[in-house]
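J.: Okay, here's the structure, questions in a sec.
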Amino acid sequence: MTPSISWRLLLLAGLCCLVPSYLAEDVQETDTSQKDQSPASHEMATNLGDFAFSLYRELVHQSNTSNIFFSPVSIATAFALLSLGSKGDTQTQILEGLQFNLTQTSEADIHKVFQHLLQTLNRPDSELQLSTGNGLFVNNDLKLVEKFLEEAKNHYQSEVFSVNFAKSEEARKMINDFVEKGTQGKIVDAVKDLDEDTVFALANYIFFQGKWKTPFDPEHTTEADFHVNESTTVRVPMMNLMRMLDVHYCSTLSSWVLMMDYLGNATAVFLLPDDGKMQHLEQTLNKELISKFLLNRHRSLAEIHFPRLSISGSYNLKALMAPLGITRVFNNGADLSGITEENAPLRLSKAVHKAVLTIDERGTEAAATTIVEAVFMSLPPILHFNHPFVFTIVETHTQTPLFVGKVVDPTRK
């Protein structure tokens with residue numbers, strides 16, 4: 001008989017931030033030509049790419065008039081870690097919802113590729129600050145399954161903290177301090193409140209700080225119009241740059257594509273749709289196209305006008321993950337018996353994701369030939385990012401999508 005007591009688990013999936021960084025005058029570029037070509041890394045990048053754009057389209061479906069910003073790799077890491085302690089249909093839903101084909105990839109291999117990915121992302125880089133972290137907050141009288149703890153530490157580099165959830169304010173502060181420290185103070189007060197029967201919390205964060213290889217000159221930034229929609233226009237600081245840049249027009253997406261590298265191993269891909277083509281861009285964009293853009297680069301003289309911006313995203317993942325098939329972990333049928341040795345069932349009561357982004361002149365702070373067409377003109381192309389656009393930030397060694405976003409209104413944080 002199922003016990004009448006039900007304990008709750010809080011998942012803080014992907015608390016992430018991107019923040020701008022001042023340019024270092026004496027920084028030398030790192031050789032990023034040696035991409036991580038291992039099959040595991042390629043599979044992970046493909047799965048995360050599919051997951052990223054599935055999640056993006058669901059966010060657009062929920063609201064196509066708001067800024068969007070999230071970290072697919074951070075959300076996926078949190079749920080993959082949770083799957084370590086799940087069983088049966090609960091585990092299957094999580095892993096298939098993350099776009100893994102369980103007939104081709106074993107559970108053990110999935111956790112190994114996450115381990116490899118996290119080791120790659122946390123690799124020291126003097127030019128690019130990129131770090132991730134996982135924290136397990138366990139009620140001090142709750143006994144966890146030793147195998148779950150060992151694998152969480154081994155595969156996901158998790159830290160474990162003993163917490164008295166009966167003192168909810170102290171527990172909330174401990175979780176918030178962990179996130180605030182991991183994001184270097186950019187995300188504070190991540191947890192607003194805790195359910196009274198919470199006994200376990202999992203927090204994942206990602207922090208990214210990058211400097212543009214080709215920075216904007218602040219002296220060239222001017223006030224300009226940004227057209228939110230046909231009836232709304234806002235004034236924004238518009239950064240201006242004319243250089244040799246990776247710019248081309250993609251007829252498949254009816255969009256201009258701008259790729260801007262960071263010092264280190266990351267690239268931002270900005271997609272500016274033609275008038276009236278945003279919906280077409282969002283329905284057509286996929287991981288394969290992003291990969292082709294990164295492999296078929298076309299540097300040419302171009303002039304760009306790009307808004308200085310600071311946006312954020314905060315999401316209830318329970319509603320967001322349901323269309324991807326991840327539902328059982330949130331209800332009373334959840335099987336998370338691989339986490340705790342206690343008899344009372346555990347279920348995920350709340351899963352939240354928060355991300356913040358700043359792009360300015362210095363950089364970002366928080367994160368087939370027939371398809372890609374290069375347009376050659378006698379005059380350099382001029383790109384005005386003065387209406388809604390889509391972007392992704394990719395770790396170039398693995399082509400992992402770190403962040404995905406949409407700017408509808410740069411003035412709305």
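Using N, Cα and C of the backbone, Cβ positions are placed for all residues, glycine too.
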J.: For which of the residue intervals 8-27, 68-87, 188-207, 368-387 does Swiss-Prot record region 'RCL'?
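T.: Swiss-Prot lists region 'RCL' for residues 368-387.
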J.: Tell me which residue from N64, N229 Swiss-Prot records as N-linked glycosylation site.
T.: N64
J.: Per residue, counting other C-beta atoms within 10 angstroms of the C-beta, which of the glycosylation sites N64, N265 reaches the highest number?
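T.: Answer by Cβ density within 10 Å: N265.
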J.: List the same-chain residues at least 6 positions away in sequence whose Cβ sits under 8 Å from the Cβ of N101 (N-linked glycosylation site), in sequence order, or say none.
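T.: Expected: none.
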J.: Over the span of the region 'RCL' (368-387), how high is the average pLDDT in this prediction?
T.: 56
